[in-house]
Every structure is written in structure tokens, then in C-alpha cells.
């Protein structure tokens with residue numbers, strides 16, 4: 001029978017519930033348990049697909065094509081279970097489902113209310129996410145409830161998990177609550193009152209926390225933990241200190257050493273072998289002992305919020321670890337780059353242009369791609385980054401001076417990038433769209449496979465077939481591919497059905513490392529293996545740094 005751990009948060013948002021949940025899952029998995037995680041988001045949007053990155057951060061895409069919360073990226077990087085559409089749902093999805101049932105007459109004329117209809121539907125979604133009765137069923141499902149206790153948006157979710165815990169009976173569920181313990185510099189002490197109040201508010205809803213994770217900028221002394229225990233009705237061993245660390249990969253060891261996993265296993269009556277966290281210790285050692293440093297210029301549109309590129313940041317750091325190097329990322333707003341000052345990118349060892357939507361800042365990205373191509377600086381373009389590299393090449397090499405994307409100029413005479421009108425989705429169904437289609441849920445999403453041409457840089461990285469996750473509406477226009485090929489651009493991967501362009505590159509006798517990919521490889525990177533594309537990109541950056549230093553000896557790098 002699947003056991004459940006419900007993770008809630010109090011006082012303020014952004015405490016790190018996602019990292020805490022993923023870390024607990026990682027420890028339980030190291031004990032031999034099959035674990036999954038589910039994220040409940042209390043906003044009314046159906047999914048985060050149409051939300052601004054400044055509002056929500058990155059949209060993480062699963063293999064089956066779900067646009068989800070960025071916490072699912074943490075989940076996949078910390079445990080081996082792959083996330084699915086069922087692992088993330090929102091208030092919008094719940095209400096949409098309930099209203100559809102009401103319209104069909106499924107409720108047999110009853111008055112549809114938050115309790116029981118909304119709360120029952122939430123419980124059904126949680127069970128679906130845990131894979132109950134299917135091949136995806138797990139030993140433990142950790143359910144992270146977004147928002148903060150006390151928010152009106154979260155109340156139906158908290159009521160639903162309270163009911164669910166009651167129905168499952170004792171020892172089948174546990175509650176973990178994150179709180180904030182601020183350090184007041186003027187007083188020179190930690191203040192526990194906010195944590196006392198959030199635990200009290202949780203009890204008023206009918207939920208008693210089994211463990212309190214107390215977030216602070218420093219370890220919490222034993223006397224303060226005892227005080228929190230007394231006023232929150234949580235045993236002292238259940239008051240866990242969770243202080244700031246320089247890498248998130250230290251959190252599993254931190255929580256384990258304070259006995260969180262043992263407490264949860266005792267509460268759920270689960271007998272397991274001891275936790276094995278050696279690989280986490282080795283990972284932290286690799287983070288803390290780089291042999292060299294490499295600097296990457298990330299030229300993007302959403303650089304004011306690093307969470308907009310969360311998986312990308314992690315993928316670069318993973319690749320750095322595989323190459324025994326610290327990766328220093330400088331975020332550069334593409335709106336600030338012009339052909340006149342693009343040379344300021346010369347100090348970097350490589351240039352990366354990530355995905356994005358809309359016209360703002362596009363010309364700056366095109367200038368960055370041109371600088372990388374002409375200066376022989378390693379370049380990786382992802383999604384829009386591939387498209388701007390294609391536009392740049394068409395304008396300045398292929399002679400198509402007015403080349404553009406119909407996303408930025410619908411009337412362009414040379415639409416080298418255009419809207420995809422038909423494609424096969426991750427589940428094999430054929431999808432169509434046009435300029436008047438809704439924005440939400442109409443992109444090419446999820447894992448897609450492509451054939452890779454032999455003898456190319458892409459083939460040396462991926463082999464014969466590449467399968468990666470996608471999230472885009474626009475694609476290289478097949479009507480211009482022959483002209484681009486004739487001008488020297490290598491189209492090294494095409495989809496197997498529609499022959500859509502997936503990878504473009506320059507011959508290695510023309511440029512040492514220049515590649516654009518239509519997909520999002522960052523979603524499949526892990527701290528254990530990195531990702532072959534990013535591993536190769538960071539190695540190319542290290543090689544470029546060595547060449548720029550006049551042939552200085554390069555330390556061994558592994559791609």
C-alpha cells in the first residue's frame with residue numbers, strides 16, 4: 001500500500017519546499033523505497049504554460065508533454081522516478097474537471113460545492129499521481145502543497161489532504177511543515193514566534209505536523225528547538241534545522257543526519273535498510289573541488305530572475321562537474337546587446353542563447369550568434385537560440401538579408417523560421433494549429449525522436465538517434481533548408497515523420513564548436529551523469545579557454 005507524506009509551508013513563500021521534498025525523497029530512495037513526488041499548485045491557471053517567467057520561473061516539460069512547475073525539475077534531478085502529467089496539477093485543472101463533470105450530469109443534480117466535490121477531486125488527482133492500482137504505484141508518495149498556510153487559495157488542498165489522511169487511517173500518512181526562523185540582527189537572536197504561529201494555524205485546520213523543518217540562515221540551537229517543540233506540539237526530535245548551504249546537494253545529508261528519514265519511516269511503519277548517501281557525498285566533493293573555472297555568457301530575455309533558467313543553470317553546473325570545472329554563468333540581457341558593443345562577449349569562454357518567446361531582445365541574440373560564429377567562440381543555441389542562429393546565418397552568409405521569423409515579422413519576405421502547422425505529439429497523436437489557435441496547450445511538447453546524420457558533431461554526441469523534450473511553436477522553414485545547406489549550414493538532425501529541423505551546426509573545419517538545437521536538453525540533465533550535449537559544450541569552452549591562453553595545458557576533461 002502506498003504511504004503519503006504531505007509537505008506544507010508557512011510564514012513566507014520560497015522557503016525551499018521543493019528542495020526539501022526532493023531531498024527527503026532522495027533519502028528514502030537510498031533506503032530502497034520506490035518514491036514519487038507530486039506538486040499541487042493553488043493558482044487558477046490550468047498550467048504554467050502561458051505564465052510569464054518573471055511570475056513563475058521556468059516551465060519544466062516532462063516526457064509526456066506536460067508543462068509543469070519548476071519543482072518537478074528538482075524532483076527528476078534528485079530521484080530516478082520520471083515525472084508525468086499526473087505529478088503536477090493546479091486549482092484550474094481541478095475546477096475544470098469538476099465543472100465538466102457537472103455539465104455531463106455526473107453529480108446527479110446535487111449542488112456542487114468545495115466540500116465535498118472539489119476536495120474529493122483533489123484526492124483523486126493525488127491518487128492518480130501516486131499511480132495507485134497501476135504499474136507506476138510506489139511505496140511512498142511525497143505531496144508538496146504550494147503556497148503558504150493561511151492563504152485562501154491553499155485551503156481546499158489542505159482540507160483535502162486532511163480528509164485523505166483521516167480516511168487512510170493511522171500510520172499511512174505523515175505531515176512535514178516548513179517554517180521560517182528569522183535572525184534579527186539588532187537583537188542578535190533567532191525568533192521562533194512566526195514558527196509557533198504557523199504551526200498553530202496548521203492545527204486550526206486540523207493538521208498536526210509530525211516534523212517541522214525550520215529554515216534559517218544558520219543552524220538552530222538546541223534551546224530554540226526545544227522552545228519550538230513546546231509551542232508547536234511537535235516532539236523535539238521532529239524539529240529539524242534546515243540552514244542555508246552553498247549547494248543544494250548538501251541538503252539530503254543535512255536532513256538525514258538530523259533523523260528526518262528515520263522519523264518518517266517510524267511514523268509510516270516502514271522497515272528499510274539504512275540510508276546510503278555516499279554518492280551524494282561524492283557529488284558535494286566534486287562541487288567543492290573543481291580543478292579549473294570556465295565562464296559562460298548566457299544571453300537571454302529573462303535574466304533578471306535566474307529561476308527562469310533553473311534547469312539550464314543546473315545542467316551547466318552538472319557538465320562542469322563532469323569536466324572537473326566550476327562554471328561561472330554571467331546573465332546578459334539581450335536587449336542591451338547591439339552590433340556596436342557585442343565585442344564585450346569576447347571575454348567569455350562560450351556563449352549560450354536560451355529559449356524564449358516574442359520579439360523583445362531578439363536582435364541582441366542574433367548579434368551574439370554572429371559574434372560567436374565569426375569569432376569561433378563555442379556557441380550553443382537552445383530552441384529560440386537555434387532559430388536566431390539560423391536567421392543570422394541566412395542574413396550574413398546565405399545572402400537572405402531580410403531573413404526573419406514570422407513570430408517577429410509576420411510579413412517577412414524570407415521566413416526562414418515559421419509556425420509549425422502539423423506535428424506528431426509525444427503520445428503519437430497528430431496535432432495541428434494556426435495563427436488563431438489558443439496560446440495555452442498548443443505547442444509541440446514532450447519527448448520526440450530524430451535521426452542524426454553520420455559524421456556530424458551531433459552524431460559524436462548523440463549517436464544515430466536523439467530523443468529530447470520540446471516546447472515550441474516555430475521551426476526552421478523546410479522551404480529554405482536547401483539554400484542554407486548550399487551556404488554551408490549543416491542540418492544534422494531531422495524528425496522522423498515531418499522532417500522538421502532539430503539540430504543545426506557548422507562544420508568543425510569552419511568552427512570548432514557551433515550548434516543550435518530546437519529541443520530543451522536541460523530537462524534531462526542529472527547531477528550524476530550530466531547531459532552529453534552540455535558535457536561536450538563545457539569541454540569545448542575549456543578547450544577555447546586553453547587556446548585563448550596561448551596553448552596553456554588543459555586539465556583532463558570528460559565529455
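Heads up, the Cβ atoms here are built off N, Cα and C, so glycines get one too.
In the record from Swiss-Prot, residues 356, 384, 385, 386, 387, 407 bind L-glutamine; the candidate from 269, 279, 473, 485 listed for the same site is 473. When the candidates 63, 64, 69, 71 are compared with the ATP site entry in Swiss-Prot, which names 14, 15, 16, 17, 18, 19, the shared residue is 71. Record note: Swiss-Prot gives 13, 191, 192, 193, 194, 195, 196 as UTP-binding, and the candidate from 34, 39, 227, 250 in that site is 227.
Taking the Cα of residue 13 (UTP binding site) as the reference point, the closest of the recorded positions 71, 383, 520 is 71. Secondary structure from DSSP puts residue 385 (L-glutamine binding site) in a helix. Within the set of recorded positions 19, 144, 193, 227, 522, the entry lying nearest in space to residue 356 (L-glutamine binding site) is 522 (CA atoms). Neighbour counts of Cβ atoms within 10 Å were taken for the recorded positions 71, 144, 407, 522; the minimum is at 407. Comparing local CB density within 10 A for the binding-site residues 16, 194, 385, the maximum falls on 385. In the predicted structure, the domain 'Glutamine amidotransferase type-1' (295-547) carries a mean pLDDT of 91.
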